[in-house]
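Now, the feature entries from TrEMBL:
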BINDING   A:106, A:144, A:175, A:176, A:177, A:178, A:183, A:262, A:263  ATP binding site
DOMAIN    A:110-292  domain 'ATP-grasp'
């Protein structure tokens, strides 16, 4: 479809990913219309129209989607049947409803990798807790709910028989616990024209003691053949899915140099925020180019970067304040992105900070400083 | 003043500069309220509130400004008396009304340079056409209206006595016609805390035959001592004015290596668009930092860039279309910015294109290609 600025685009979800998509859409004169269950969602004042409603409700999605030419998502927990009906009505729905459905269920996602020869950790499908108990020999493993496991929910480590009582009593899967050296992500775009491009791999940096992700580093510090392998795998997943739009592919790098797909998200992703400042094209612009059938942008890095998520401080709930903002803005190469959420809660994603620097050492120092200094409190 | 996201900011003008300021303000959770005479101005759907009204009308500006804590501008043709009254009421008005008033009149602007030892072309103040005729010996000169000369209007070259009939019959000035090798610009920010920083000088590239600006090149290709001299002069102008906010300083570089100030603009400027993609901080973010008293951002270039203004094609008026957009988006490092104007007219500023590339030769080739390929037609 040829670009024209009067094309009507609907977006399911109006959170921070939608907000950054909106910022990019302004450059293309594109109006984005959004649906979100939260009346105060980050996009509520910025979208060309904002509708409050449940993304998982068939009738809501169907009637909301009626006026648009193209429909996309910024969150995958949406009503796929309504999207299928909108597609039948002739609308472009990108990513396609079938792709969203496959990804929504971690069981079908894993089976897909297996069928298509995409490397992933060994797994067993389980129907309920009793079923998990049948596979003691497979432990230690990560037990994952098939559906509705978002943002760390629906995932449970089961080290041994003694922990099986913690298993979910619903359809899920047991995945072999993988020792990994690095956790990386590659964001791929596939256009409605079939063109594909991968952003360089990025790396999650873990705190040396707490074993929590501290910040993200781009590009990933990997031997070149591993970076290339990771990009090839991510491209293969996107091509096998025939997705139109962005696909974020999270992967593990094992000590043996294997690369295993962990999971994917069919939308802009937390691991691509830094592309706004650090790459020739941002993931947000790339998503718009992909769903509009425009040529994909160059994904190369302009400059190395680190990205720190800004989470609500533990013990603080209420109207958000940003302590340490001025000290952080004194550093060269620091760029803050606040998400417009008035209320902070413990661990709520309130914003992120991107840092660009030509020196990897300084990047690390600055990332730690930002992490230690900037606090979202109430 | 300490940063807080509930600070109410009013902006006089809602054009493309305001639009890019809005895109940056989103990252700081800042809401911008805008006043513009055009109900369809580029910000009309994006500002937190948009009021249609005359920027030059005392009562309009005064009553519109009442709810805000900080007031700024994206165009300098505004009612200064109303801003003075808002300042008396305790609001922060940045840039300050006295600075805007001085810059609004090219006569006081030139006198200011002369008094403060800022290098500028020799000039004579003139009151009317008859007065111009008294200074035949000063020709060839550029005759400028003191007030209301915007966007190339109010400027007239007078080569000799025979052309004096073209002189304005109003207060203005005659400026010695300068032979220059390059036309450059330096954007400076001065914060309410007194901190100052200059962006690297940029250069206007003229078409080899038509003698029209073809595109902008950043950083300017100048010997280092000349770049530094230009930045020093621009910083001096900002410090002498004690401006709070951005100041764009346009300068000529003569064949003798002199640098002369041509004129200044107290706001984000066309010569700083490329800072969005090419510098550590954009001019828009820098303006927000300056007026909020936040630390100023690093102004260094991440990567060389060129910027092409996208003007309405001659002979085309009506609903805008963008021919050649897809070819241009196929080039690596190209980023388009459309300004949301539905209607194109000959030479109307409809958008711009920034190109980033590590190779200066490729940048030039791509800038020419964009200029020749992307056309705003009706």
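Yeah, the Cβs are placed from backbone N, Cα and C, and that goes for glycine too.
Small disclaimer: the values here were computed from a predicted structure and weren't measured.
TrEMBL feature annotations superimposed on the structure.
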| residue | record | contacts (Cβ under 8 Å, 6+ apart) |
| --- | --- | --- |
| A:175 | ATP binding site | A:110, A:121, A:122, A:123, A:141, A:142, A:143, A:144 |
| A:177 | ATP binding site | A:140, A:141, A:142, A:157, A:159 |
| A:183 | ATP binding site | A:203, A:204, A:206, A:213, A:250, A:251, A:252, A:253, A:262 |
| A:263 | ATP binding site | A:106, A:109, A:250 |
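Here ATP is bound by A:106, A:144, A:175, A:176, A:177, A:178, A:183, A:262, A:263 per the record. The longest Cα to Cα distance in that group is 19 Å.
The local packing around residue A:106 (ATP binding site), expressed as other Cβ atoms within 10 Å of its Cβ over all shown chains, amounts to 23. Over the domain 'ATP-grasp' (A:110-292), the average per-residue pLDDT in this prediction is 94. Under the three-state DSSP scheme, residue A:177 (ATP binding site) falls in the coil class.
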